[in-house]
Amino acid sequence: MMKIKPVKVESIENPKRFLNSRLLTKIEVEEAIEKALKQLYINIDYFGEEYPTPATFNNIYKVMDNTEWTNGFWTGCLWLAYEYNQDKKLKNIAHKNVLSFLNRINNRIALDHHDLGFLYTPSCTAEYRINGDVKALEATIKAADKLMERYQEKGGFIQAWGELGYKEHYRLIIDCLLNIQLLFFAYEQTGDEKYRQVAVNHFYASANNVVRDDSSAFHTFYFDPETGEPLKGVTRQGYSDESSWARGQAWGIYGIPLSYRKMKDYQQIILFKGMTNYFLNRLPEDKVSYWDLIFTDGSGQPRDTSATATAVCGIHEMLKYLPEVDPDKETYKYAMHTMLRSLIEQYSNNELIAGRPLLLHGVYSWHSGKGVDEGNIWGDYYYLEALIRFYKDWELYW
């Protein structure tokens with residue numbers, strides 16, 4: 001077992017701001033799901049067998065084909081909704097999507113990047129787990145093989161964007177703590193140790209480099225392509241190289257417990273607590289994060305609801321594994337309820353118009369001006385996943 005570097009675990013500041021809140025009831029969660037599904041059904045008619053753009057434009061998604069890194073989240077929303085109500089209309093459309101994903105991997109359409117997990121886990125892995133569909137399994141394993149092509153032995157990580165091996169692209173990103181779950185699944189299905197080894201190596205490379213000593217996270221981290229030595233952490237989506245991009249922090253909060261399920265390394269619990277406490281201590285009054293954790297109330301900056309929704313899923317997952325004696329366990333429980341309640345009551349969509357998101361006020365890419373204070377499809381997915389998690393004993397797609 002490899003070592004994870006020691007990180008600072010902050011004490012949760014003023015835990016009563018969470019502990020004094022009321023837990024969501026099952027009826028409240030069910031009402032939130034029903035409300036979300038009303039918009040989902042409108043969007044099904046709007047998208048047809050196509051997909052939403054990654055983010056909305058003036059709070060309306062445009063329609064696109066299956067060529068973005070985000071398309072799997074739409075199909076994931078369909079599967080989550082199907083698991084809630086067993087509507088065969090949802091199943092049929094989601095399955096047609098899965099066939100589109102099989103075609104995409106067979107023809108290698110717009111797949112030269114690291115986001116194979118985001119594409120294939122909530123779409124194809126989901127269908128295999130729900131229906132045992134062999135085409136869904138075929139697509140998933142082929143996608144895992146494609147992701148394996150980006151593995152760099154020198155440094156032991158999956159390279160993010162760009163041409164493989166080039167110095168200016170020789171880096172990992174924290175997002176891939178979710179993408180490597182595709183490799184764990186491939187190992188689970190095939191028994192081939194190569195998938196698990198790459199996933200494990202990438203996890204440790206991330207834990208020891210992209211996470212700072214204070215448990216905040218860089219977005220990306222560079223390595224030397226000749227030696228594999230760690231070089232530097234920088235941002236691409238965050239405010240600065242020194243700040244902590246909220247969604248990146250949330251990828252860590254969710255990616256760690258997902259990996260802990262498969263690795264069972266106790267060091268991961270400490271890392272989770274460090275990253276989660278850092279996130280919770282920088283939430284504003286309404287408990288929904290700004291797009292970078294450097295900002296809080298009065299900054300005039302937009303929220304990123306997708307980061308908060310993702311963090312809720314991560315906390316919910318890790319509560320399964322935290323020992324009962326953990327002093328923060330009760331606070332985590334109340335914190336995730338408080339965050340999800342705020343999303344439901346203050347940030348969920350109320351206008352039933354074709355193309356509207358389920359969740360408002362997200363940020364796609366602040367520096368490039370894309371999807372700023374807009375809905376985004378991963379925010380919709382993780383919001384709906386969080387609701388389903390709170391509603392039933394749900395078998396993960398990840």
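The backbone N, Cα and C atoms fix where each Cβ goes, and this holds for glycine too.
The active site, nucleophile annotation in Swiss-Prot covers Asp115. A simple way to gauge crowding: the CB of Asp115 (active site, nucleophile) has 22 other CB atoms within 10 angstroms, across all the protein chains here. A coil conformation is recorded for Asp115 (active site, nucleophile) in the three-state DSSP classification, outside any helix or strand.
Annotation comment: Swiss-Prot describes Asp115, Asp175, Gly233, Thr235, Arg247, Trp251, Ser365, Ser368 as substrate binding site. Within 10 Å of the C-beta atom of Gly233 (substrate binding site) sit 19 other C-beta atoms, taking all shown protein chains into account.
All protein chains included, Asp175 (substrate binding site) registers 24 other Cβ atoms within 10 Å of its own Cβ. Residues annotated as active site, proton donor in Swiss-Prot, with experimental evidence given as evidence: Asp175.
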Exercise for the section: Do me a favour and check the Cα-Cα span between Thr235 (substrate binding site) and Asp115 (active site, nucleophile); whole Å is fine. Expected result: 17
Handout entry: Cβ atoms near Ser368 (substrate binding site) (within 10 Å, other residues, all chains)
Key = 10
